[in-house]
Amino acid sequence: MLGKLIAYEFRGLWRPVLIVLLIMAVAGVAGTLSCNAIEVVSDYYGGLKVGASDVAGDVAIALVLFTLFSGFVVWAGVIALFIVVVSRFYRTMFTDQGYLTLTLPVSTAALVLAKYLVAFILMLVGVALAIAVYSAMLTTIMGEYGPSATMVILAMLGGSFGFFNDAEPVAAVAGTVNTVISIGYQLGLAWLALALGAWWAKRHKVAAAVGIFLGIGWLVSLVFSIADVIALTTGGYGYGWGMANLATGAVSVVRMVSFVLAAVGCVALAVFVVRRKVDLS
């Protein structure tokens, strides 16, 4: 039955998700072509006469701005994809449509889990597309150094693992794993926030859910940011940057493990709240 629910969720989401992914892909192609055009203009820039070189400079600036805009569209696409999958969970569980959903002859756990798994898979696709687009842009701009720049970006996604400057492949792998885990955590937190908002708020349930999501997310980020600073300063003081790297890496491991446990816990609590506490009448 879980497989049928997952297939049903894919059928309900594929159109809006496909539109978002296509917009991201088009923006990525346009941005990459713009990067190529910047190189062409730059190659001819130095050999032009003064008046023509001014025009070429203006064109190059316009192309740079367009490339930045394309990159922003890709990033906004990831946010839009998150909103699409989360809004479907809310619409099919906590609105009038939820009456029909909750009368299906399946368990609440299966319903919530199916929606979560589909959202997780679709978010992975969207983030992977965004990383591929940014990698293509970097490779176009930096040539043979593009892959190294991509590894640096992946390392930065790993949080504290980004301090492993002498072990870029390790940091890049850690960043990739951390990104996957973070997606699962954010979706789990969104599921729980929507369930709690539907339970606690008589009106403005979405606003309540957004407040819960942002509040808990900010608090968790603050705790681990403080832990990063403490690990970096105490690890580096008197022991060298090697110990600081080890300390901040340990914080990242703790963060990833915590996010996995939090994702599981949030989904489980969401199931409990929907089953026992949410009254759609």
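A Cβ is built for glycine as well, from the same backbone N, Cα and C atoms used for every other residue.
Heads up, TrEMBL stuff is auto-annotated, nobody curated it.
Positions annotated as transmembrane segment by TrEMBL: 12-39, 59-86, 98-114, 120-138, 145-164, 170-194, 206-233, 253-274.
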Which of 12-39, 59-86, 170-194, 206-233 has the most Cβ pairs closer than 8 Å to the transmembrane segment (253-274)? 170-194
For the transmembrane segment (170-194), sequence-distant contacts whose Cβ falls under 8 Å of one of its Cβ atoms, 6 or more beyond its ends: 82, 85-86, 89-90, 93-94, 112, 115-116, 119-120, 123-124, 127, 150-159, 161-162, 164, 205-206, 209-210, 212-213, 216-217, 249, 252, 255-256, 259-260, 262-267, 269-270, 273
So which residues does the transmembrane segment (12-39) touch in its own chain, when a touch means Cβ under 8 Å and the partner is 6 or more beyond its ends? 60, 63-64, 66-67, 70-71, 73-74, 77-78, 80-81, 84-85, 88, 92, 118, 122, 125-126, 129-130, 132-133, 136-137, 140-141
Which bits of the chain, at least 6 residues beyond where the transmembrane segment (59-86) starts or stops, bring a Cβ under 8 A of a Cβ in it? 13, 16-17, 20-21, 23-24, 27-28, 30-31, 34-35, 37-38, 41-42, 45, 118-119, 122-123, 126-127, 129-130, 133-134, 137, 186-187, 190, 194
